[in-house]
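S.K.: Pasting a structure here, questions to come.
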Amino acid sequence: MNGDHMVLGSSVTDQKAIILVIILLLLCLVAIAGNGFITAALGVEWVLRGTLLPCDKLLVSLRASRFCLQWVVMGKTIYVLLYPTAFPYNPVLQFLAFQWDFLNAATLWFSSWLSVFYCVKIATFTHPVFLWLKHKLSEWVPWMFFSSVGLSSFTTILFFIGNHSIYQNYLRNHLQPWNVTGNSIWSYCEKFYLFPVKMITWTMPTAVFFICMILLITSLGRHMEKALLTTSGFREPSVQAHVKALLALLSLAMLFISYFLSLVLSAAGIFPPLDFKFWVGESVIYLCAGVHPIILLFSNRRLRAVLERCRSSRCRTP
């Protein structure tokens, strides 16, 4: 559920909307299962070996934050269905929005730093700065982690200040929950404070992510062209590996675009609250969140091997 931009006051009675709500909850369960599996697999490896690869530390941080985010989304969705006329900035929804804002920002930053790591480590650019980064980047992973937590905490506090100001104004003026949209303080805070802050804080990690994705896809594309010149065609294992990597990167980039655009449209109030279009937007957001770990499971050799071991152990269990 997108942060705090929701004005309640009408129940979900549209049959299509109810179906979308059910789909949204199922997508959350899929995302919880996928992210939970990846977090558990990498967490067990971390405990057994006492260490993880730098990129896996970022990956497990990303998956853990997404895992928690899906639970918050489910909790907020259920609360909205049970109390459709509740004031959108009441303490319960502020508490859920606080968690959602932090976890959403954390997933965006962890995704951006992970794309930086993969870009620097995998891309084959020969610029001196790029080569220098290859040797230094692994040492910066702790800084990436703490910067993600710090930036997410800072932006969450900014969101909380805006949400709490609206709630205090509501208490002072004895407004009705359904009339909050007509209040000038609410309108001013949403348009000139919350929305700009969201755009800035969401766009920064998204821009980093896409710059790195473009560089990485460009590098892999050039490498694949060279491989095609020295091999007999697409059936060669090396070429197929490049094709699979490119397809995985493109699919992840498309999912990230869909996620980001849906967040922006929802924050801008394009989707009417609790209407069919609103739930369409929410479903798109969490469809991306649900598909992403599945792609990762089948594109990562180590995670795929863990999944196969789990399947084989279940088959042997009487």
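Count begins at 1; order follows the chain as displayed.
Just so you know, glycine gets a Cβ as well, placed from its N, Cα and C.
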S.K.: Between 67-87, 235-255, which stretch does Swiss-Prot give the note transmembrane segment?
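M.R.: Per Swiss-Prot, the stretch marked transmembrane segment is 235-255.
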S.K.: Taking 41-61, 209-229 as the choices, which stretch does Swiss-Prot tie to transmembrane segment?
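M.R.: It is 41-61 that Swiss-Prot annotates as transmembrane segment.
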S.K.: What mean pLDDT score does the topological domain 'Cytoplasmic' (286-318) have in the model?
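M.R.: Within the topological domain 'Cytoplasmic' (286-318), the model's average pLDDT equals 68.
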S.K.: In the same chain, which residue numbers or ranges, 6 or more beyond the ends of the transmembrane segment (184-204), come under 8 angstroms Cβ to Cβ?
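M.R.: Residues 3-5, 105, 108, 151, 155, 158-159, 162-163, 165-166, 169, 260, 263-264, 267-269 contact the transmembrane segment (184-204) from elsewhere in the chain.
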